[in-house]
Amino acid sequence: MSTIFNDTVEAAAENPDLEQPYAELGLKDDEYARIKEILGRRPTDAELTVYSVMWSEHCSYKSSKVHLRYFGETTTPEMAEKILAGIGENAGVVDIGDGNAVTFRVESHNHPSFVEPHQGAATGIGGIVRDIMAMGARPIAVMDQLRFGAMDNPDTQRVLPGVVSGISHYGNCLGLPNIGGETVFDDSYAGNPLVNALAVGTLKVDDLKLAFASGAGNKVMLFGSRTGLDGIGGVSVLGSASFEEGEERKLPAVQVGDPFAEKVLIECCLELYQAGVVVGIQDLGGGGLACATSELAAAGDGGMRVNLDAVPLRAEKMSAAEILASESQERMCAVVTPENVEKFKQICAKWDVTVAEIGEVTDEKDRYLVVHNGQTVIDAPASTIDEGPVYNRPVERPANQDEIQTLGGLERPDTAEGIRDAWFKLVSSPALCSRAFITEQYDRYVRGNTVQAKDANAGVLRIDEETNRGVAISADASGRYTRLDPRTGARLALAEAYRNVVSTGARPVAVTNCLNFGSPENAGVMWQFKEAVHGLADGAKEMGIPVSGGNVSFYNQTGDEPILPTPVVGVLGVLDDVEKTIGNRLPAGEQELYLLGETLDEFGGSIWQQVSGAGLSGLPPQIDLANEQRLADLLVPAADLVGAAHDLSEGGLGQTLAELAIHAGRGLDVDLTQVHEDLFTALFSESASRIVVATTRGDELVARAQELGVPVTRLGVTNDSGVITVRGGDLSVEVSVEELHDAWSNTLPEAFGHAVGANSVVE
């Protein structure tokens with residue numbers, strides 16, 4: 001980043017024609033012209049930096065705003081009734097009753113994780129955790145959604161071990177359980193992996209904190225780690241279409257995290273909240289101090305004056321632009337009344353957290369002033385910095401969309417031997433094999449409140465030890481489905497996350513999302529994006545659960561080739577008593593197995609299509625969200641009817657039966673004749689709205705399912721044979737559970753065994 005160390009507002013007025021490197025900072029010609037129009041002069045170096053940061057896609061949502069508004073338009077008053085903080089805040093906050101609230105959010109750290117996988121992923125965890133802290137909450141868990149290229153791709157071999165070690169190191173050091181996630185391999189993510197991190201926290205309803213600067217004379221306090229040169233340009237460079245290193249210094253655009261500093265910062269924040277000394281608070285993440293202070297000012301009822309000379313630094317002779325744009329981690333910014341400043345400092349000192357008074361709220365509405373070396377380097381309207389431009393970019397259905405929606409030829413084995421071979425091919429594939437190699441590097445049970453995590457439908461946490469109240473969380477996405485039909489793909493992601501939560505017996509209450517797409521300058525990508533947003537928003541409305549917040553990540557592409565459009569959807573559910581959680585492990589003794597839902601011939605975008613080498617074509621499975629709600633109506637009030645439940649998604653019934661048998665080490669004897677007339681279709685179709693349940697009260701289950709209009713089919717029984725026997729029509733297929741387990745569990749260690757992370761317990 002090119003900087004002029006003493007470029008002041010006065011100097012900018014005196015030197016109006018100075019050439020400035022705005023394009024290197026991600027600004028377009030018309031944006032630079034607009035900034036000069038707003039200021040009535042050329043911007044100072046610091047102003048140019050702040051506008052470039054705040055007008056980046058990451059901070060301003062300038063290409064997505066026009067479409068994201070649809071979430072608000074489709075949210076009814078009834079849906080929003082329990083939302084305490086929603087879209088536009090650091091994280092969504094949901095009132096779950098008894099004076100308790102839960103906050104959750106998912107965010108991307110894609111581009112930094114490609115450049116420096118360990119630190120990129122680690123600071124992704126740190127950043128999303130601070131978003132939770134900024135709502136007044138205690139973080140209690142994290143999850144991740146990961147996408148990589150093919151296993152044997154050199155980039156995947158480099159990036160995956162670093163990403164996993166970064167997530168495990170930061171999360172484990174924080175003492176936060178990692179309660180679930182997804183890892184997907186597809187060629188489209190080679191050169192552009194996706195690292196989406198989700199965090200969840202708890203708070204009392206009355207303890208909610210928001211990001212605004214209110215009350216003239218109130219002080220602006222910066223606390224946490226010192227400000228250095230790491231992360232400069234993170235949102236304006238790494239979050240844009242190109243990566244440019246600075247001319248004078250090759251500043252690192254990837255942040256460096258210290259989880260132990262963040263762990264202390266969490267406790268410090270919680271004590272500050274408890275002491276009642278915080279008026280407003282904002283974390284320092286993407287955009288650093290520039291983003292935090294300008295957002296606080298824009299959201300408040302006055303203006304703000306910031307003194308950069310008071311900012312604690314860990315590098316000498318940093319310019320104003322560098323101080324403002326630094327994305328050094330583990331920092332927070334708070335607004336505090338003058339009488340509480342001393343108490344604020346005392347609490348920070350108790351936790352050995354560096355703190356400085358760096359400014360104050362003024363009575364000059366919307367005026368954002370920044371001083372460095374005693375001179376004014378920024379004098380601008382805060383609202384123009386915060387709001388940014390709004391683009392209604394061209395939207396056009398791709399010319400090849402009809403072609404890709406035509407299902408190509410697909411191999412369909414019709415012999416027992418062929419089906420058996422296909423089954424092994426699927427369970428051992430990169431798409432469906434065991435993720436233990438990754439997940440065993442995460443601590444899933446630290447803090448002692450994890451009820452369900454390993455191989456679970458959804459992560460389940462106890463949040464109140466007195467009442468046993470808890471939450472279930474799942475995050476899901478399918479880029480393959482979304483490429484075939486973006487609207488349906490987003491609805492399927494919502495449906496799967498919803499179904500995973502329901503499978504634990506929890507009642508879904510809110511949705512979050514992270515929308516990962518290619519370049520917004522590509523009309524086809526913007527069509528995908530708009531369709532996905534509408535599919536997700538309409539789906540949430542149909543289900544009556546609000547979208548509480550989200551994140552957008554654009555420019556995910558290699559050259560001109562975008563990734564598969566990947567809308568990650570997270571669903572939060574509430575359990576009145578976690579002791580009644582439905583697990584997904586088969587209990588001991590004979591259990592009857594039932595399939596809830598209907599199986600159709602649906603292989604468009606399926607894993608079998610991918611594994612068999614048939615490419616990507618056809619239409620994704622049909623989805624009627626009313627069917628998902630009927631499943632919820634069946635399972636949530638009557639969790640005691642079933643001993644275990646496992647949703648069906650990728651790999652279909654065959655994958656679910658395999659996982660049930662593998663996890664329990666038990667045999668199954670099932671007849672799929674009533675599921676579908678074709679055994680291969682019965683096993684591997686990926687029809688939505690299906691769950692397998694185990695029960696000893698089959699008659700009651702069937703009666704209740706029929707009463708609610710849920711299709712129900714008896715599959716068979718569990719046993720201790722160590723064999724899965726599947727019949728359908730004239731065919732009978734037998735597979736050894738031990739052999740399935742070996743095929744399922746060896747794929748990842750064989751591909752990445754040379755790069756086991758430092759925190760791994762895998763042998």
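Note that Cβ sites are derived from N, Cα and C of the backbone, with glycine treated the same way.
Summary of the site annotation: Swiss-Prot records ATP binding at Arg105, Asn513, Gly550. Screening the candidates Tyr61, Tyr481 against this entry identifies Tyr61 as the one listed for that site. Binding site for substrate per Swiss-Prot: Ser108, His109, Asn110, His111, Arg130, Gln255, Glu327, Ser328, Gln329, plus Ser553 from the candidate set Ser553, Ser606, Ser612. Between His58 (active site) and Asn551 (Mg(2+) 1 binding site), the C-alpha separation comes to 9 Å. Of Glu107, His109, Arg130, Asp283, all annotated as recorded positions, the residue with the shortest Cα distance to Gly550 (ATP binding site) is Glu107. Distances between the Cα of Arg130 (substrate binding site) and those of the recorded positions Arg105, His109, Asn513 are shortest for Arg105. Cβ neighbours of Asn513 (ATP binding site) (same chain, under 8 Å, six or more residues apart in sequence): Val106, Leu536, Val547, Gly550, Asn551, Pro567, Val568, Val569, Gly570.
Counting only the Cα atoms, the space from Glu327 (substrate binding site) to Asp283 (Mg(2+) 2 binding site) is about 11 angstrom. Close to the recorded ATP site, the chain also has Leu68, Ile87, Val106, Glu107, Thr512, Cys514, Leu515, Gly549, Asn551, Val552: residues not among Tyr61, Arg105, Asn513, Gly550 whose Cβ is within 8 Å of the site's Cβ mean position. Of all the binding-site residues in the list Glu107, Asn110, Asp283, Gln329, the shortest Cα-Cα distance to Tyr61 (ATP binding site) is found for Glu107. DSSP gives Gln329 (substrate binding site) a coil state; it is part of no helix or strand. Long-range Cβ neighbours of Arg105 (ATP binding site) (same chain, at least 6 residues apart, Cβ-Cβ under 8 Å): Asn90, Ala91, Gly92, Ile128, Asp131, Ile132, Leu198, Ala199, Thr512, Gly549, Gly550, Asn551. Residues Tyr61, Arg105, Asn513, Gly550 are the ones the record ties to ATP, and the longest Cα gap between any two of them is 17 Å.
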